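Annotated in Swiss-Prot:
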type     : residues      : note
DISULFID : Cys128-Cys205 : disulfide bond
CARBOHYD : Asn3          : N-linked glycosylation site
MOD_RES  : Lys325        : N6-(retinylidene)lysine
TOPO_DOM : 1-53          : topological domain 'Extracellular'
TOPO_DOM : 79-90         : topological domain 'Cytoplasmic'
TOPO_DOM : 116-131       : topological domain 'Extracellular'
TOPO_DOM : 152-170       : topological domain 'Cytoplasmic'
TOPO_DOM : 195-218       : topological domain 'Extracellular'
TOPO_DOM : 247-281       : topological domain 'Cytoplasmic'
TOPO_DOM : 306-313       : topological domain 'Extracellular'
TOPO_DOM : 339-377       : topological domain 'Cytoplasmic'
TRANSMEM : 54-78         : transmembrane segment
TRANSMEM : 91-115        : transmembrane segment
TRANSMEM : 132-151       : transmembrane segment
TRANSMEM : 171-194       : transmembrane segment
TRANSMEM : 219-246       : transmembrane segment
TRANSMEM : 282-305       : transmembrane segment
TRANSMEM : 314-338       : transmembrane segment
Amino acid sequence: MANVTGPQMAFYGSGAATFGYPEGMTVADFVPDRVKHMVLDHWYNYPPVNPMWHYLLGVVYLFLGVISIAGNGLVIYLYMKSQALKTPANMLIVNLALSDLIMLTTNFPPFCYNCFSGGRWMFSGTYCEIYAALGAITGVCSIWTLCMISFDRYNIICNGFNGPKLTQGKATFMCGLAWVISVGWSLPPFFGWGSYTLEGILDSCSYDYFTRDMNTITYNICIFIFDFFLPASVIVFSYVFIVKAIFAHEAAMRAQAKKMNVTNLRSNEAETQRAEIRIAKTALVNVSLWFICWTPYAAITIQGLLGNAEGITPLLTTLPALLAKSCSCYNPFVYAISHPKFRLAITQHLPWFCVHEKDPNDVEENQSSNTQTQEKS
């Protein structure tokens, strides 16, 4: 094993080589002997990265961890406390929060520990495989849960009362199916189809997407199709048709209002336009965030298998992985906490949270009482 004491001491400015490391040293030279067998030949072609990257990534992951714990923990807590939130649709939201929270608690602490311990994998090879499998399980579960959430919203908005109703039994089945799919596609590397290896700057573990044999290629193509392309297609299909259905509905409403009352048309147009813009923006944000976070990592995987892998540097692999895991931070805010019912639950159960959402039932009662008072007078 290469001597890592010298470079670590020298990085503060010997100036003998880039970042103070001896010439010819690679990023793989810092890996302990017990996990050397998990380093792919690809990583021996790259010099060590600036050590400050390890500390920067550690700080970023700590920041994301705090946000993820707060957001996903809040969603689960509110669901357990508020009876009004215990609906079949919200079961999918809670399943998403649960998978994101498990990703956080199983992947973030070891990664941060490695980052602040010199940027090396500090655990055993077996734990590297477990770490990668847990990240794969929770990541795939989140992707498929998002797919099911988008399809449920499509069914509600586009089919309305004519579509099949989401029951508690169906929601339970869908949540279970997401976990079965994720576990089913994450276990094969333990049995010889595909493998888990050290990745990027070698302080985390993931799929092997560089070895170009039939075993690795077929496994990675399958997970790309079933764990990225298919759910991505459903998500895009759902939100495209949601936006189309909303615009078609509002156009029909405007036409009807125009026939009935020209005065109401003006007031309805302003409100309708705001609603259209708000829903279109929400759909665009949902789809855009999903693709922004997951597409770079999927692209790196395919390039590593089928394209020019020389351009895939340690940092170029690490940053897309960070982007993909950041989903666990924004998901609870986009899909739950921004919803009026969740905000109302925060107001009721956590009044110190500085969220003041009005109960629509109270508003209706006040309006009704005001109307009755005016009629009596």
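Cβ from N, Cα, C; glycine included.
Distribution of Swiss-Prot features across the structure.
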residue: Cys128; record: disulfide bond; CB count, 10 Å: 21
residue: Cys205; record: disulfide bond; CB count, 10 Å: 29
residue: Lys325; record: N6-(retinylidene)lysine; CB count, 10 Å: 26
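Cys205 (disulfide bond) and the residue listed as 'N6-(retinylidene)lysine' are 13 Å apart (CA-CA, integer value). Within its own chain, the transmembrane segment (171-194) is flanked in space by residues 88-89, 91-92, 95, 99, 129, 132-133, 136-141, 144-145, 148, 207-208, 215-216, 218-220, 222-223, 226-227, which lie at least six positions past its ends and keep a Cβ under 8 Å from the stretch.
Beyond the ends of the transmembrane segment (132-151), by six or more residues, the same chain brings 89, 92-93, 95-96, 99-100, 102-103, 106-107, 174-175, 177-179, 181-183, 185-187, 189-190, 196-197, 199, 205-207, 223, 227-228, 230-231, 234-235, 238-239, 286, 290, 294, 324-325, 327-328, 331, 335 to within a C-beta distance below 8 angstroms of the stretch.
Highlighted: of the candidate stretches 54-78, 91-115, 219-246, 54-78 has the greatest count of Cβ pairs under 8 Å to the transmembrane segment (314-338). Annotation note: Cys128 (disulfide bond) sits in a helical segment as assigned by DSSP. The average pLDDT computed for the topological domain 'Extracellular' (195-218) is 93. Tertiary proximity for the topological domain 'Extracellular' (306-313) is limited to same-chain residues at least six positions away from its ends with a CB under 8 Å from its CB atoms, namely 42, 45-46, 210, 217, 300.
Listed as Cβ neighbours of the topological domain 'Extracellular' (116-131) (distance under 8 Å, sequence separation of 6 or more from its ends, same chain) are residues 4, 8, 30-32, 34-35, 37-38, 49, 51, 53-55, 58, 106-107, 110, 189-190, 196-198, 201-205.
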